[in-house]
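What Swiss-Prot says about this protein:
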type	residues	note
CARBOHYD	80	N-linked glycosylation site
CARBOHYD	161	N-linked glycosylation site
CARBOHYD	175	N-linked glycosylation site
TOPO_DOM	1-7	topological domain 'Extracellular'
TOPO_DOM	29-43	topological domain 'Cytoplasmic'
TOPO_DOM	65-87	topological domain 'Extracellular'
TOPO_DOM	109-125	topological domain 'Cytoplasmic'
TOPO_DOM	147-180	topological domain 'Extracellular'
TOPO_DOM	202-232	topological domain 'Cytoplasmic'
TOPO_DOM	254-258	topological domain 'Extracellular'
TOPO_DOM	280-308	topological domain 'Cytoplasmic'
TRANSMEM	8-28	transmembrane segment
TRANSMEM	44-64	transmembrane segment
TRANSMEM	88-108	transmembrane segment
TRANSMEM	126-146	transmembrane segment
TRANSMEM	181-201	transmembrane segment
TRANSMEM	233-253	transmembrane segment
TRANSMEM	259-279	transmembrane segment
């Protein structure tokens, strides 16, 4: 049974997951409908569709594993459920982080303007950057899956051994380290590009700060808003992996459901928060969402009149 604090946090986690799935579903559907209408898909549209779909899968895996750990922990130590969850998690989590890294790089190369020769070279070769990152993703999968299979097979072989109970936690840590090794590169690249874009926008805002004309004042507000979105993304992104680390530690520490659910809460903030950031930061997505909300409000008003 859960105490009141654990129950409240679990409700928060579930709400975050539902909002994240709804937000990503909306992003994916909007871009798919835009592609069906215009018969053309931009790089950003492709990345947003891939990011939304992969992140929906990641959220479901996080919630599934979280609920199993809270209510049915014995299921993770018996049968093949751990193996299935691990394989799906590695595939979807790597893919999700890869898509968000591509999105950050694309915005960075599109918006920022540095005189650095490396930056200028990258800006002229955006497609080459995507190909390189695709190669990194495939390499990450090729390195992770064989090693992960070996670890899981060793775990199965020793599971009936009584001494294995004490070693299982060490194997679990090794397993988690190996399966997440491939995404460290993408995480670092994503955070660096966000930080550099924030630096560029901050310098640009500071340069325009002395000019208070209408256009420049509006441009400054847009830049400040973009900086807030980027900082929010970085906070959510870091909290996501901090939460995952807490969840991993809870498998080797004495059982502490409150700490584990706290980790889940931090983990689910990113998919929920970033989907909202993407919707608010994209003009077309924002306008379409506002129209949808207005239509829902009108339908609700008409329904109230009919009841009366």
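A Cβ is built for glycine as well, from the same backbone N, Cα and C atoms used for every other residue.
Because the structure is a prediction, the values reported are computed rather than measured.
Spatially, the transmembrane segment (88-108) is not adjacent to the transmembrane segment (8-28); fewer than three Cβ-Cβ distances between them are under 8 Å for residues at least 6 apart in sequence. Within its own chain, the transmembrane segment (8-28) is flanked in space by residues 2, 48-49, 51-53, 55-56, 59-60, 62-63, 66, 70, 258, 261-262, 264-265, 268-269, 271-272, 275-276, 278-279, 285, 289, which lie at least six positions past its ends and keep a Cβ under 8 Å from the stretch. Away from its own ends, the topological domain 'Cytoplasmic' (109-125) comes close to residues 196-197, 200-201, 226 of its chain (Cβ-Cβ under 8 Å, at least six residues beyond either end). The Cβ of residue 80 (N-linked glycosylation site) lies under 8 Å from the Cβ of no residue that is in the same chain and 6 or more residues away along the sequence. Note on the topological domain 'Extracellular' (1-7): residues 70, 257-258, 261 of its chain, located 6 or more positions outside it, place their CB under 8 angstroms from a CB of the stretch. Summed and averaged per residue, pLDDT over the topological domain 'Cytoplasmic' (109-125) gives 86.
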